[in-house]
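Report on one structure; see the data block that follows.
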Amino acid sequence: MQEPAITPDLIASHGLSPDEYDRILNIVGRTPTFTELGIFSAMWNEHCSYKSSKKWLRTLPTTGPQVICGPGENAGVVDIGDGQAVVFKMESHNHPSYIEPYQGAATGVGGILRDVFTMGARPIAAMNSLSFGEISHPKTRQLVNGVVAGVGGYGNCFGVPTVGGEVRFDPAYNGNCLVNAFAAGLADADKIFYSAASGVGMPVVYLGAKTGRDGVGGATMASAEFDDTIEEKRPTVQVGDPFTEKRLMEATLELMQTGAVISIQDMGAAGLTCSAVEMGDKGNLGVRLDLEKVPVREEAMTAYEMMLSESQERMLMVLRPELEQEAKAVFDKWDLDFAIVGETIAEDRFLIVHNGEVKADLPLKTLAGTAPEYDRPWVATPAADPLGDVPDVDPIDGLRALISSPNYASKDWVFTQYDTMVMADTVRIPGIGAGIVRVHGTDKALAFTSDVTPRYVQANPVEGGKQAVAEAYRNLSAVGATPLATTDNMNFGNPEKPEIMGQFVGAIKGISAAVAALDMPIVSGNVSLYNETDGTAILPTPTIGAVGLIAHLDDVIGCDVRDGHVALVLGETHGHLGQSAILSEVYNRAEGDAPPVDLDQEKAHGDFIRANRAYIKACTDLSDGGLALAAFEMAENAGVGVCLDASDTATLFGEDQGRYLIACNFDQAEALMIAASQAGLTLTSVGKFTGQAVRFGASSAPLAELSDVYRQSFGAALA
């Protein structure tokens, strides 16, 4: 097959600028082949190279005594004691999920699971953070149904519990939904597998499913805005098979026990290209690939297609040659392909041969290490206009407005489509607060949460970035966990626009300050830019996934609210209504500044919760919807009413940060009051849990009536 001529239009269609193509000419010293152009396009796109964000990502705190492996590998690795480690990462699959919701979301789950077990860890938990357009938008229902089905379909069949996540709706996501997938696994701390190749002449082995044409150019597609040609991009979306992935995981983990693995890398974005280049680059070696040896499922595939295919459930390994037969036997047992497709070489070359013809011959280190790195112009987000007058709303009417909104109604409709109990180690299922999974065979547990409030980031990127981390810290603390580390998923619009780049820079500054103050280093992550359609960007959405350790299951703070329990608020209440949920849902206003985050107070309050958990029967952080929504959710979950003394909108629905709602009996409340006073912290009695009504001041409604609204509104909105 004759390859197309390299023209300006072809270069542009590969997402390369004229300046970038000139750089390629200088590197190669000649006109690149079509396959070489595709390889550069894959390695230099935003999705793989982080060329617009790398400068700022370097400023994130990524180290700590608990960190075994930080950013740069497939996933982060954190020590949890007793010779064990938790391996985790969050990653986006936004563009594919908008084009093909089911497969886009499903393969997002599959990709993040591979990142975890490639490191030698068995996945034990998954989460997802989903953002959609307004519920009335003609595409939203299709996207929600497809994405949720894809997440559940893949995760359920693979056999990993989904223990948490978020679902939000805003018109800013009408043209670009966000699908951020998180996975965590367990491994022996001294048996982590890395991707750096080692040794000259070592076999490079292809593992897993066969290669097809699905996903060709997927990484490049994910590095551009959408326009009216979106439907033409459907073939760039990968197709997943969770049962093959399950077999691949079992085979990979079994293979790792044989000692045959020198290095291993999953094939994700840019497929065979990116995995081979990364392995060679990290090991300071070259790589030769013979593509006629690659297992394929379609006829007459070209070198270009094989190098850029993003077919799922595939891995690349550098093998100890003396253990080839033992390794092959493992993959034969699991009915998966095992093919030696190349070797490591001493020369700094990335050599691609197909049917005896050299299709690409490039300097590997240069290909990996000289992707453009841009210092994009940016402007700081201007200070938000002051919040105008907010008239008081009847408290129960305000609550009803929140719990009937798809943003704050129960997400049972979503979570019941996920298997939350598979593996039988789930301690707390999704619905309220952080998810908890027992470390199998031990008395320890891990807690997981995913958090961000995009409207805060839009108004004030620095405070919004801080708040995303702080809320994750609070969610972990509220269940009794000690926060360990975080993973970030940075979802933004077009970085070539200074105002968008300013949002990114501000959020990074806020996140950096928060993870440093709260001792939650960033150990892995992902950047998704160009989330725009026809020039309209999403809300800036820097999602934070966080993991905490519960040393003993007895230390878990439960949800044991009972009639007669006292309601306490830890932290100061000032009635901050700027950018609040009540302002948006009742008044349709997005005004004022985001609430400020006092990181010293956040740390002190989290430490106080953990130190005094023996006195606490139930605990939740106060975030969206303030005290009113938190108290209702806690009461509704327990099936008992709640009476709060306050009746004014600011006290009930304000979103001051750093606060927790605590339920306990009277004696425990007294002990907590004394402890808080001694620590110099503010702890206030705000009411009690009792009866079967929700009463805020003089306004009340039956709990059962409000519970029906809360439980049924989400599904009804999608009907």
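Please read every residue number as a count from 1 along the shown chain.
Even glycines carry a Cβ here, placed using N, Cα and C.
Per Swiss-Prot, the features are as follows:
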- His47: active site (ACT_SITE)
- His93: active site, proton acceptor (ACT_SITE)
- Tyr50, Lys89, Asp488, Gly525: ATP binding site (BINDING)
- Glu91, Asn526: Mg(2+) 1 binding site (BINDING)
- Ser92, His93, Asn94, His95, Arg114, Gln238, Glu310, Ser311, Gln312, Ser528: substrate binding site (BINDING)
**OP:** Among the binding-site residues listed here (Glu310, Asp488), identify the one with the smallest other-Cβ count within 10 Å.
**Re:** Asp488
**OP:** Compare the C-alpha of Gln312 (substrate binding site) with the C-alpha of each of the recorded positions His47, Tyr50, His93, Asp488, Gly525, and give the closest one.
**Re:** His93
Original post:
For the recorded positions listed here, His47, Lys89, His93, Arg114, which shows the highest count of neighbouring CB atoms within 10 A?
Top reply: His93
Subject >> Rounded Cα-Cα span from Gly525 (ATP binding site) to Glu91 (Mg(2+) 1 binding site), Å >> reply: 6
**OP:** Count, for each of the binding-site residues Tyr50, Ser92, Asn94, Gln312, Asn526, the other C-beta atoms lying within 10 angstroms of its own C-beta, and report the residue with the smallest count.
**Re:** Tyr50
Subject >> Using Cα positions only, nearest of the recorded positions to Lys89 (ATP binding site) (His47, Arg114, Asn526) >> reply: Asn526
Original post:
Checking the binding-site residues Glu310, Gly525, Asn526, which are within 10 Å of His47 (active site) at the Cα level?
Top reply: Asn526
Original post:
Between the recorded positions Ser92, His93, Asn94, Asn526, which lies closest to Tyr50 (ATP binding site), Cα to Cα?
Top reply: Asn526
**OP:** Would you mind pulling the longest C-alpha to C-alpha span across Tyr50, Lys89, Asp488, Gly525, which the record has binding ATP, in angstrom?
**Re:** 17
Original post:
The record names Ser92, His93, Asn94, His95, Arg114, Gln238, Glu310, Ser311, Gln312, Ser528 as the residues that bind substrate; what is their largest Cα to Cα distance in Å?
Top reply: 20
